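The 3',5'-cyclic AMP 1 binding site annotation in Swiss-Prot covers 129-258. What Swiss-Prot records for 261-377 is 3',5'-cyclic AMP 2 binding site. What Swiss-Prot records for 34-43 is compositional bias 'Basic and acidic residues'. As annotated by Swiss-Prot, phosphoserine applies to Ser87. The region 'Disordered' feature in Swiss-Prot is assigned to 1-57, 87-110. Positions annotated as region 'Dimerization and phosphorylation' by Swiss-Prot, on the basis of sequence analysis: 1-128.
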Amino acid sequence: MSENTFPGRLGINPFGPESRAANTEKPSTSHIVRVTERDEDKVNPTFNNKPLKKFAGDRATNTPLQAFKLGASDGFPEHYGMGRRTSVSAESLNPNPTASSNESWTPPYHRKTPEQLERLKKSISGNFLFNHLDDEQSAQVLGALVEKPIPVKDIKVISQGDQGDFFYVVEKGSFDVYVNPAGSVQPGLGGLGNKVATIEPGGSFGELALMYNAPRAATVISAEGSCTLWSLDRITFRRILMDSTFKCRRLYESFLEEVTLLSTLTKYERSKIADALVTLKYPAGTTIKEGDVGEEFYLLESGEAEAFKAGCQNAVKCYSKGDYFGELALLNDAPRAASVVSKTEVKVAKLGKDGFQRLLGPVESIMRRTKYEGVEEIDREFPGSAAAL
């Protein structure tokens, strides 16, 4: 249909299906690398299979190695105890890590120029770990991040099997990810393992070791020179990002309790949906266009939106807080046959197709019975389209 059929900001369609990388070695920059965590009790070797430069990242030190050597009179061999522990269990994995912590804690702050802040905001704008942060939390994260220039290729930023102390966001350049099935870097050729992905600007890595207090699950190496990373330390990561995730889940659960469609679900079922939702904000006039492939289901958290059909200038349905749309296109595996335009700035909770099919099975029959007043009349007048929002 013509792009001029509906009101709103035509041509802008953030609700459309997300792009998917054709090459598995070059994933979308919005994806975070996820690798299965390995056995914590593996000993961390210090060998690698190619000459990699030193990166002053996790537990870096400028102290000469000789300063750590013990004399013969100590009764210990040289370098005794120099290996890094990889099985650490002292840190709490409470889903709300700040619940019992010192309330006087304040996040670190590193002054940045306006130009640095703009670059950093752009780098994290598409990262899902930061999507649910409020303005105060976002400001804390921006203040705590530290710029880490990576001047040349083949600098090893993190090593599989090591204990992790930092989370990294890529601003510039690319980084290759290697995984060794043994669970850690091994000596000799091929010791890094297999290359499984490349992280590009906007991507991030290192969160798994901090979230689960486990060894690094992969080795990440700069794939080119003149790269730029931003690092966030373990404590700040856990206190801000993990605590905000916990709070976000609680907010979602409260919101889902108010959604009539989900009233028949158990608390456990709603909690699983809450974990899968992603919050997005859009300005007034943003459009989900008729004819798009349906890949997402939306719950309206705040704001107002309207549905339009081809050939009709008047809205056929209005949406407000607690309403939902996008379900029929997923239920019927059909293109969207109506356009939804945000009347005001809106905040929506998005659920992908896989999560929709897996988690909303118990209410499928209710969604199929949903009647869209006014849509049926439009369909009778324009029989070429079905009422699948």
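Heads up, the Cβ atoms here are built off N, Cα and C, so glycines get one too.
Cα proximity to Leu261 (3',5'-cyclic AMP 2 binding site) (within 10 Å) is found for none of the binding-site residues Leu129, Asn180, Ala197, Ala214, Ser231, Cys248. When the Cα of Ala214 (3',5'-cyclic AMP 1 binding site) is compared against those of the binding-site residues Lys321, Arg336, Leu351, the shortest separation belongs to Leu351. Averaged over the region 'Dimerization and phosphorylation' (1-128), the predicted model reaches a pLDDT of 50. Taking the Cα atom of each, Leu351 (3',5'-cyclic AMP 2 binding site) and Cys248 (3',5'-cyclic AMP 1 binding site) are about 15 angstrom apart. DSSP gives Arg336 (3',5'-cyclic AMP 2 binding site) a coil state; it is part of no helix or strand. Non-local contacts of Lys321 (3',5'-cyclic AMP 2 binding site) by the CB criterion (under 8 A, 6+ apart in sequence, same chain) comprise Leu300, Glu301, Ser302, Gly303. Considering other CB atoms within 10 Å as the measure, the emptiest surroundings among the binding-site residues Leu129, Val146, Ala276, Leu351 are those of Val146.
Across the structure, Cys248 (3',5'-cyclic AMP 1 binding site) and Ala276 (3',5'-cyclic AMP 2 binding site) place their CA atoms 11 angstrom apart. Taken residue by residue with DSSP, Cys248 (3',5'-cyclic AMP 1 binding site) is part of a helix. Here the candidates are the binding-site residues Leu129, Val146, Gln163, Ala197, and by Cα distance the one nearest Ala276 (3',5'-cyclic AMP 2 binding site) turns out to be Leu129. Ranked by Cβ neighbours within 10 A across all protein chains shown, the binding-site residues Ala197, Ala214, Cys248, Leu261 are led by Ala197.
When secondary structure is read from DSSP and collapsed to three states, Ala214 (3',5'-cyclic AMP 1 binding site) falls in the coil class. Each residue contributes its Cα atom, and for Ala197 (3',5'-cyclic AMP 1 binding site) and Glu306 (3',5'-cyclic AMP 2 binding site) these two points are 41 Å apart. If you compare Cα positions, Arg336 (3',5'-cyclic AMP 2 binding site) sits closest to Leu129 out of the binding-site residues Leu129, Val146, Gln163, Asn180. Across the structure, Gln163 (3',5'-cyclic AMP 1 binding site) and Glu306 (3',5'-cyclic AMP 2 binding site) are spaced 50 Å apart at their Cα atoms.
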